[in-house]
Amino acid sequence: MPTRPARSGLHSLAQLLRSDVVGGFLLIGGALTALIWANSPFGHVYEALRSFSFGPEALHLHLTVEAWVADGLLAIFFFVVGNELKQEFVHGELRNPRRAMLPIVAAVCGMAVPALIYAAFNAGDPARLPGWGIPMATDIAFAVAILAVVGRHLPSPLRTFLLTLAIVDDLGAIIVIAVFYTASLSFLPLIGAGMLLAVFGYLQRGRGVAARLNSAALPNWVVYLPLAGVIWALVHASGVHATIAGVAMGLLMRTVPLAGEKESPSHRLAHLLGPWSSGLVLPVFAVMSAGVVFAGGLGAVLDDTAALGIIAGLVVGKTVGIAGGSWVTTKLTAAELSPALRWIDITGMALLAGIGFTVSLLITDLSFPDYPEALVHAKAGVLLASLLATVLGAVVLAVRNAHYRKLRQAVSPQ
């Protein structure tokens with residue numbers, strides 16, 4: 001048993017890791033470590049680690065370390081995000097359908113405009129045109145981390161807007177992968193996953209059989225952990241990106257405590273998994289995903305229309321699609337922007353949405369299997385666009401953060 005000082009130390013560490021700012025710095029540190037390592041003389045060690053495979057072959061889970069992190073470990077982060085969104089839909093900003101509609105429409109516009117921009121750059125090149133899906137995706141982990149680091153005083157609805165937008169964006173990108181970039185989709189595992197998700201949702205209700213289960217001597221994790229593992233494995237086997245399993249289970253969590261409960265399962269798991277998500281999952285993910293090698297120099301990258309289309313799509317297309325699409329939507333429909341936000345806030349957030357790593361790099365691999373030069377340049381383009389979007393978004397949001405800090409100090413000078 002841990003001693004009292006040890007327990008106190010672990011509690012303090014957990015509290016520290018629950019901070020989005022601390023998690024953001026850890027993730028950025030992981031990304032910088034990966035970039036330096038991959039482009040150093042020891043880059044072959046980094047690549048060997050990422051490509052090392054393990055897992056049961058019979059279950060089609062003999063995966064590389066990189067895949068285990070991107071598909072498996074990151075599902076924990078997506079569960080935490082889905083769970084947080086569920087709380088917002090039930091108790092928070094997204095209870096208002098007119099406000100919930102706006103980030104959803106923004107996500108759709110933020111996928112369409114970058115794809116069109118990329119297609120315009122590469123319309124005359126059949127070898128590079130298949131990469132139109134690359135600039136569609138927002139890397140939610142990096143975007144939320146940067147927002148946390150630069151925007152401690154920004155209104156909370158901005159983070160909710162970004163979370164909702166990024167989840168819809170990821171879902172859209174995964175549908176694009178399934179329809180346009182996947183040779184075959186296995187529907188039987190997908191149906192099985194859907195049925196088990198229904199069981200998961202039923203158990204969350206805490207009535208009937210679920211109530212008897214909750215009152216049994218067995219701890220809940222004995223049931224939920226294997227169930228979650230099987231759901232994840234089935235989604236993975238279907239060909240759909242397995243992190244969707246995490247989002248789905250997070251959205252099914254019960255956010256209202258039953259009679260006799262001190263807190264709901266949603267709040268309990270948010271408290272438990274938050275430190276693991278920010279302190280372990282995101283930094284490890286950054287180390288495994290951000291190691292892009294700059295081969296051939298920057299000039300060769302910027303001479304390639306695939307890289308230029310990606311950079312323009314992620315930096316310009318995302319901003320125009322999200323901010324412009326949101327503004328037009330508020331003028332033409334009943335959708336409305338939160339009173340706590342201004343359009344410059346949405347513009348800064350839209351710039352951050354131009355950060356593309358995981359899904360963008362995945363689509364890059366699927367787009368150019370027979371064109372290694374385009375593949376290398378496109379990956380470098382994703383990285384350059386993400387760095388540019390980070391800097392521009394951080395500058396805009398840092399200015400807005402200072403503005404909101406002054407407003408709060410004026411209201412409560414102490």
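Glycine is treated like the rest: Cβ placed from N, Cα and C.
Copied over from Swiss-Prot, here are the features:
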type	residues	note
TRANSMEM	22-42	transmembrane segment
TRANSMEM	61-81	transmembrane segment
TRANSMEM	101-121	transmembrane segment
TRANSMEM	131-151	transmembrane segment
TRANSMEM	171-191	transmembrane segment
TRANSMEM	215-235	transmembrane segment
TRANSMEM	239-259	transmembrane segment
TRANSMEM	281-301	transmembrane segment
TRANSMEM	308-328	transmembrane segment
TRANSMEM	343-363	transmembrane segment
TRANSMEM	379-399	transmembrane segment
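When each of the listed stretches 22-42, 61-81, 239-259, 281-301, 308-328 is scored by C-beta pairs under 8 angstroms to the transmembrane segment (101-121), 308-328 comes out highest.
The transmembrane segment (171-191) makes no contact with the transmembrane segment (308-328): fewer than 3 of their CB pairs lie within 8 A, with pairs spaced 6 or more apart in sequence. Highlighted: of the candidate stretches 22-42, 239-259, 281-301, 343-363, 379-399, 343-363 has the greatest count of Cβ pairs under 8 Å to the transmembrane segment (308-328). If you look at the transmembrane segment (61-81) against the transmembrane segment (239-259), you find at least three C-beta pairs under 8 angstroms, all six or more positions apart, and that counts as contact. Taking Cβ pairs closer than 8 Å, the transmembrane segment (22-42) reaches residues 16, 141-142, 144-149, 277-279, 282-294, 383 in its own chain, all 6 or more past its ends. Residues of the same chain lying 6 or more positions beyond the ends of the transmembrane segment (343-363) and with a Cβ under 8 Å from any Cβ of it are 70, 74, 106, 110, 131, 133-139, 141-143, 146-147, 154-155, 158, 161-162, 165-166, 169-170, 173-174, 176-177, 181, 241, 285, 289-290, 292, 310, 314-315, 317-319, 321-323, 326-327, 337, 379, 382, 385-386, 388-390, 392-394, 396-397, 400.
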